[in-house]
Amino acid sequence: MSLSAAHSSDTSSRRRRPPEHTQDLQWEHDSQAGHNHEQIHDRLCGVPQTHSTDTPSSHHSICPALCTTKCMPAHACPNHHTCDDSWEEIQSKRTIRAENEVEANKLVNNYRFGFRKWKSHVTERPFEVRSEVVKELYSELNVIKPYSGHLITFGNVAYVLLFGWWVSLAYFLIGLLMYITITGVPYGKLCWRLSCYFLWPFGKSIHEIGNTLRRCCDQAPDCECNLEGTADNSPVLLPSPTEVPIPELPGRPLHTPYWHRFSTYVWLLLGYPPLVVIHSLACFLSWILVFTIPVFKMNARTLGVILLLAPEDVSVSTCTQRKHQVYETRALLCCYHAANWYYYKYTVDGINVFAVNLLPLVIVAMVIGYIDRENQYASSDVKFAIAICSIIPLSYYIGMGIASISAQSNFAVGAVVNATFGSITELTFYITALIRGHRAANPCLQEVVKAALTGTLLGCILFIPGVCMIIGGLKHSEQRFNSRSTGVSAALLFISVGGVFAPTLFSKAYGNLVCDACTNSTGGNSSGTFVCHNCHYDLNNGTLFRNHVEPLVYTVSVLLPVAYLIGLIFTLKTHSHIYDIHVGEGRETGHHGAVVHWSRWRSLVILIMATVLTSACADLVTEHIQPILNQPNISQYFIGVTVLAMVPEIPEIVNGIQFALQNNISLSLEVGSCIAVQVCMLQIPILVLFNAFYDVGFVLLFSDMHLWASIFSVILVNYIFMDGKSDYFQGTALVVVYLILLAMYYFAPSPAGC
């Protein structure tokens, strides 16, 4: 196939792309990567971008294998060593396009080796360039738009069952109350109209009537001002920001001002307060459900605007009837759908709505954890669950703060912030657990910490890449990544696992096996078989541990960060061509005045506050974890490798899945690899250093299950990543192996003495 044919094929494929995703490919996604392989190859080979007219046979006779696959002319490959690069490597070279310089800096940092990957934008994106799907999420409900779809949908029916019937019933009862007061009859009529509206609000609209209509009714008081029956060829009604006052006719009685009416105060004292409770409850429930945020907007606007207007100024009609009206009105509310699946993208000040909704859990955890010390209102199990879940939004805020500071600073500052705060969530929990276990003389917490470390390692090596491969493979069939850059991470994983478990292997080679109880199973025969229980390697004899194992631990703890630093220098300095990133000069040049969600100082303050709150939540987790560990049917190993290891990594899992959906599997794999490398090369050495200054009894010796599970996982993931391709089958293999290891931990007995 010729290059022009390939180009036309690629153009046609782009034309077949759904329109709702075309703009978001460059503006909504963090990858922002243009995969024009022909242009990349031309740049590498140093030739202008021209279409070839040569025959395929001439290509095969002169160019290397890669160039024949790309069907480039012979003169396009003067440097054979450049064209000999693997196709995966060239595919990984990408041009990043961003809205502004800050976003471009943040995206480049995302591709740097050793940096944790963050998905969220750090600047406000221009609303006019967002996709129609995203625009719909942030649109207000005071605009009447043409709509020809079906109003009977699953979300609208669910609204009636979850909200509509009881909100409508409340309006009906309050309308009866207003009729009883006599003076509140106009408000009673309004409540009954709104009762019908909130039972099924879809396709209906609420308007504020202006002075023109009131003057019409004053001139003809005996007529029935039927708004619904009026027809005209006016354009579709749009909201008017201001209402031009029209003077009343002379000689006509003026309306009593709103705040000079007795009925207004009757309404505000008897009718409005219960509706405040009703609408506030509806707002809370619809916001928590996220996908029903349109219901939140509808209730909030009713409570803050509509119910504070004079009853004669509120009109309810269908949107189709309002298309052709001649009266002066202002659209207040019009809704077609109660739910929207895409609200998982909704952000508040750059913060995802799920992180916003989970943030109150931190306050709840603080209150019930430090005030209810006697467990009178909540059990330890409930406190543990709330405290561990509250770490999720705090991890998100820490990541957002790191991304904001890195995007607005130079590389050195960004590297320091990323290395300092990137592992702060896990380190806070580990150190808190070790201190509490040391003070309570409870060695089980040390084993739980080791299980959490191993669980994080296994989850980042197997589960995160596996899930990303499955989800990305289901959408994109087959995805490619840079096998050479992934090989750097794989090599560091081998070094990491070898260094972390070296003291364990050393102790097994030279330690003395000691058993607590041995019995003769042959009835006293000295040459018979003995059955021993609670066997372990003796490290307390003062010679092996202090003279051999402990120096080895300190040596490994020094060498691992050095290896991490060498990896950074290799990928960021001497061999940065592996990550050949070029920030494009495309559409971002038109938005120099970027508005950053969080400034550097605000990000730093949020980082410090989130770190302090994470420490408090970790303290509550370790305080109330003992009843969970005492469960007879669940191994303590299983609790450590699942809940304690993976809950803080949920934001990272979400980031990896989003990268995979954007066909950027390279970043998805780097998410897990980066965490695993930081666990072995930064977090564990920091724990060893902490134990050297404050002896909490942390010994870098792991059980056999931790040892062999980690080694097997590293070997498996390196085999999977060997060919530079991924699909859902390979992802399934990784996830299944991870689940098998979890089953082993679930049925494993708890550590000795626990």
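All residue numbers here begin at 1 and follow the chain in the order shown.
Using N, Cα and C of the backbone, Cβ positions are placed for all residues, glycine too.
The compositional bias 'Low complexity' annotation in TrEMBL covers 1-11.
Residues or ranges marked as domain 'Inner membrane component' by TrEMBL: 154-204. When the domain 'Inner membrane component' (154-204) is classified with DSSP, helix, strand and coil residues number 42 helix, 2 strand, 7 coil.
Residues or ranges marked as transmembrane segment by TrEMBL: 157-180 (among others).
Annotation source TrEMBL lists transmembrane segment at 265-291 (among others). If you look at the transmembrane segment (265-291), the same-chain residues 6 or more away from its ends with a CB under 8 A from one of its CBs are 155, 162-163, 166-167, 170-171, 174, 177-178, 181, 183-184, 187, 191, 299-300, 302-303, 307, 339-341, 343-344, 346, 353-354, 357.
Outside the transmembrane segment (351-370) by six or more residues, the chain places 120, 287-288, 290, 293, 343-345, 377-378, 382-383, 386-387, 389-390, 392-394, 396-397, 400, 597, 613, 616-617, 620, 623-624, 651 with a CB less than 8 A from a CB of the stretch. For 351-370 (among others), the entry in TrEMBL reads transmembrane segment.
Under the heading transmembrane segment, TrEMBL lists 382-399 (among others).
Look at TrEMBL and you will find 384-500 (among others) tagged as domain 'Sodium/calcium exchanger membrane region'.
Taken from TrEMBL, the feature transmembrane segment applies to 411-431 (among others).
Marked as transmembrane segment by TrEMBL: 451-474 (among others).
The annotation transmembrane segment is assigned in TrEMBL to 486-506 (among others).
Summarising the annotation, TrEMBL assigns transmembrane segment to 552-572 (among others).
Per TrEMBL, domain 'Sodium/calcium exchanger membrane region' is recorded for 603-745 (among others).
If you look up TrEMBL, you'll see 667-690 (among others) marked as transmembrane segment.
According to TrEMBL, the feature transmembrane segment maps to 696-721 (among others).
Residues or ranges marked as transmembrane segment by TrEMBL: 728-748 (among others). Long-range contacts of the transmembrane segment (728-748) within the same chain: residues 451, 458-459, 462-463, 465-474, 634-635, 637-638, 641-642, 705, 709, 713, 716-717, 720, each at least 6 residues beyond the stretch ends and with a Cβ under 8 Å from a Cβ of the stretch.
Listed by sequence, the residues of this chain that lie at least six past the ends of the transmembrane segment (667-690) yet keep a Cβ under 8 A from its Cβ atoms are 31, 110-111, 113-117, 419, 422-423, 426-427, 430-431, 434, 449, 453, 456-457, 459-461, 463-465, 468-469, 472, 481, 486, 489-490, 492-493, 495-497, 499-500, 553-554, 557-558, 560-561, 563-564, 567, 649, 652, 655-657, 659-660, 696, 698, 700, 721, 726.
The DSSP breakdown of the domain 'Sodium/calcium exchanger membrane region' (603-745) into helical (H, G, I), extended (E, B) and coil residues amounts to 118 helix, 2 strand, 23 coil.
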